[in-house]
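*Asks:* TrEMBL lists these features:
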DOMAIN    221-321  domain 'Glutathione synthase substrate-binding'
BINDING   236, 470  substrate binding site
BINDING   324, 383-392, 394, 416-419, 445, 472, 478  ATP binding site
BINDING   387  Mg(2+) binding site
């Protein structure tokens, strides 16, 4: 292992003068509220009130070369997940042990088996994906040379790929605009050229409308499936507002799974009808965790949607393709060839971004993986088949978690080598936080958005469409902004 220094240079000199800092933070908070970089409070929920979302005052540095590599790789990752989602044999075999012990995964697979048996009503799927990655400082021989040259990181590794409710299409670009304003107020307008364009919101919405056009049903709407209580309201509503402003002939409706269960039905041609509205495209911003299903009604709604001819984002097979167990299986030698073919450069490009991913199934070397984790738990993360943040087990907590599980229960989890990113320095501004905020050490996670539309046999649309950056305290394990532990940020590209 090489030992690079682990701090990226800040885009502006720190610390800021206290009086200047206090003034610019006050402006930044107001800017965020007035431009929709905001959320509803989880602690004191009020549908009529917003708090600014936590944010980093100035953009965090990110190597330009690695950013471009991630952007250029995204269409290939889109194709990979699309191929995986349309391989039922692989999905069912890979998730067979998880299905036995994880109730939520079992319920999703039951829906998948039902529509497979009946025949998939809509062969087209819309994938709005987000590949999350972090820079790595613990280098092996493959990337050590770059680390020695740059002296802060060696490469980047994928944390996960999200296939359902991939958020921050609005808040990602908003972060750039907020931090651009702050840099200008601090007298660094010349640095704005290093904040890359971010078309995530338009890219996600344009893909939804592209799917809507393919349906050729001009009176049908795009249906957003949302939580019964929505905290991250701006990130959802701005998608709706963009579609209505840019494509005023396209209707958008919001319904919960509960409402769809009560009001939904199939038309004579398997059209999805909710009340008096036909939905030809369904965009899930809920349904990714057990807490969104209160009983049989919500599960019936999910099955109803899958049985319809609406284009789903995601379809049930796309949802399953995004599970941690599937991502762990893709890191196995030779599995990529099943989906990418014998294209050696493509295989190498994808394999290069995987960190160590290990099955905990006894039949797949799970006992050996457990031994690795127990011998050096700080090197690993335990991940369940869940989205939404706050579910992972880290470091010193791993031994007790593993020892509390039966060998069967372990099948619902995977073990991942922990990524150790370089540090950055900045000011994290939070609602009801200290004024002025202290200078703190931070780590960042970059998300690259992709959009893909196609059937099992043909891809019709495939693009990289934007990015987002979430940053957290270096001492924090979880980093979700909506979950309450991270902050909005944007990349400041350095050479």
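Cβ atoms here come from the backbone N, Cα and C positions, even for glycine.
Remember, TrEMBL labels are computer predictions, not curated facts.
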*Asks:* At the Cα level, what's the spacing in Å between residue 419 (ATP binding site) and residue 470 (substrate binding site), rounded?
*Replies:* 15
*Asks:* Which ones, of the binding-site residues 236, 324, 416, 470, have a Cα no more than 10 Å from the Cα of residue 387 (Mg(2+) binding site)?
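*Replies:* 324, listed in sequence order.
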*Asks:* What mean pLDDT score does the domain 'Glutathione synthase substrate-binding' (221-321) have in the model?
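*Replies:* 97, rounded to a whole number.
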*Asks:* Please give me the CB contact count at 10 A for residue 470 (substrate binding site), counting all chains in the structure.
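*Replies:* Excluding its own Cβ, the number within 10 Å is 26.
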*Asks:* Across all the protein chains here, work out how many other Cβ atoms are within 10 Å of the Cβ of residue 385 (ATP binding site).
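*Replies:* By my count, 23.
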*Asks:* Provide, as an integer number of angstrom, the distance between the C-alpha atoms of residue 391 (ATP binding site) and residue 470 (substrate binding site).
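*Replies:* Cα-Cα distance, residue 391 (ATP binding site) to residue 470 (substrate binding site): 17 Å.
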*Asks:* What is the one among the binding-site residues 416, 419 whose Cβ has the most other Cβ atoms less than or equal to 10 Å away?
*Replies:* 416
*Asks:* Which residues of the same chain, at least 6 positions away in sequence, have a Cβ lying under 8 Å from the Cβ of residue 324 (ATP binding site)?
*Replies:* 160, 383, 384, 385, 413, 414
*Asks:* Return the count of C-beta atoms lying within 10 angstroms of the C-beta of residue 391 (ATP binding site), excluding that atom itself.
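*Replies:* The answer is 16.
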*Asks:* Near residue 236 (substrate binding site), which residues of its chain come within a Cβ-Cβ distance under 8 Å, counting only those 6 or more away in sequence?
*Replies:* 224, 226, 230, 254, 285
